[in-house]
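Asker: Quick one: the structure is below, questions incoming.
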Amino acid sequence: MFSVVNDKIPQIVFALSASLGAFVIGTVLGWSSPTLTMFEKGTAVSFEVSAMAAATACSLFGVGAVIGAVPAGAVSSVFGRRVSLIVSEAHVVFGWLMIAFPKAARMLYVGRILQGVGCGAMCTIIPMYVGEIAEPEIRGFLGGLYQLFVVSGILYSYVLGNFLNYNQLNLACGVWMVIHILGVLYIPESPYFLIQENKRVGAEEAMARLRDPSHDCKSELDEIQKFIEEEQKNSYTAREVLEKDVNRRALTIGIGCMFFQQMTGINAIIFYMKHVFEISGSDISPEVCTTVVGTIQVAMTFASMMITDKFGRRSLMVYSMTLMGICLLALSYYFFSKKYNPHVAETLDWLPLVAIVFYISMFSIGCGPIPYIIIGEIFSSELKSMGTGMSIATNWILVWLVTCLAEPMDKFIGPSGTFFVYSGFCFMGMLFVVNCVPETKNRSLAMIQSDLEKN
């Protein structure tokens, strides 16, 4: 991998700068776990926040993310990827201000919604930008940066939340917005966007910054221009775009990958991880467990970046979902035994940590990062804005739904039933990938569209 990476330093640097927005998203996601405890103890803010209000504030992030994700692709097609990323971060800035200095619970609600709007938009724009600036042989590696930064941001919030107070944690998380905005000011605009806007000179300048001096930029830009011109020969309405079989198939793949990514229950586990370890009765403290799990998640996501372009997206997704399903079945068995056969459960107090660590590891290798890589590759230029927005919106709707349903499911069917349901979705997701998702490694965006049309 590193021999391939060596002559692609510019696009790696710019992909890193853009993908830092994913670290911001991770800090916002991870913020929920330590602050729920602070709200319960009354150490976070000057007014009382009920358990229901705290849970509502955390879950409203998903609502905002849907609002931000849906129009983000269209907005970035009009104003460009760079400007759209800066506007997205502005929403997160205002959200942090509301959360850092609240006067009532409703300010927490509004702040989380604003954070969600900005993060939802960045979820759409970052994979789009990275997919457009990366060469085929390194696109999987660079696409993996998104999920790596998300899980790194989550771990950052977990660790700092163990010893910082509420205001200190907000400041430590909020500083990454400034770093990302400065990074976005440095990156070039996407050559795809510039050519779509008939700015060939600007595209040549951007490509010169993105590629090694020895690279044949003219030939690559000619290929991009030919690809875009062929798709823009006719002006299509949204209905006409979706009438094409190739576009419907691409949309099914994008939305399907995001649907099954979330229906594995990953965000229920991330949001309520401390609670899971508390009710398991394990001797290991919840704080230690969440830190261990977060560290392993970062390490395995990095490992995924190293192997995605070697083993392919499809294979990693299949193995990932299969093994995740097995881990959730093991958790289901443990909590079933804890309720109906406590003596057996006492001998298995190590199982929750081991199963969750392995589950997170498998998610981080395949089911976590790869859907974001795929949606950066699978859509034609005419479908990209709509398709990416719809896929990310699906993802965030399910983030909100899975998070909101975590407590009712725990109450009505218990942890055992909850983990059993999510294991079923893992196996269904594996079947979806086997039957519907093509392999895209080492394929240019034009070649991927050609493959979809042939099938």
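Every residue gets a Cβ built from N, Cα and C, even glycine.
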Asker: Suppose you had to name the range TrEMBL annotates as transmembrane segment; which of 84-106, 107-129 would you pick?
Answerer: 107-129
Asker: Count the CB pairs under 8 A between the transmembrane segment (387-406) and each of 12-31, 51-71, 166-187, 250-272, 316-336, then give me the winner.
Answerer: 250-272
Asker: Counting only residues 6+ away from its ends, which parts of the chain sit with a Cβ under 8 Å from the transmembrane segment (356-375)?
Answerer: 123, 127, 131, 139-140, 143-144, 146-148, 151, 253-254, 257-258, 260-261, 264, 266, 269, 273, 276, 289, 292-293, 296-298, 300-301, 303-305, 307-308, 313, 316-321, 323-324, 327-328, 331, 387-388, 391-392, 395, 429, 437, 440
Asker: Is the transmembrane segment (250-272) close to the transmembrane segment (166-187), in the sense of at least 3 CB pairs under 8 angstroms with a sequence gap of 6 or more?
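Answerer: Touching, no - the transmembrane segment (166-187) and the transmembrane segment (250-272) miss the threshold of 3 or more Cβ pairs under 8 Å.
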Asker: Applying the under-8 angstroms CB criterion, which one of 51-71, 107-129, 141-160 scores highest with the transmembrane segment (12-31)?
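Answerer: Most contacts with the transmembrane segment (12-31): 141-160.
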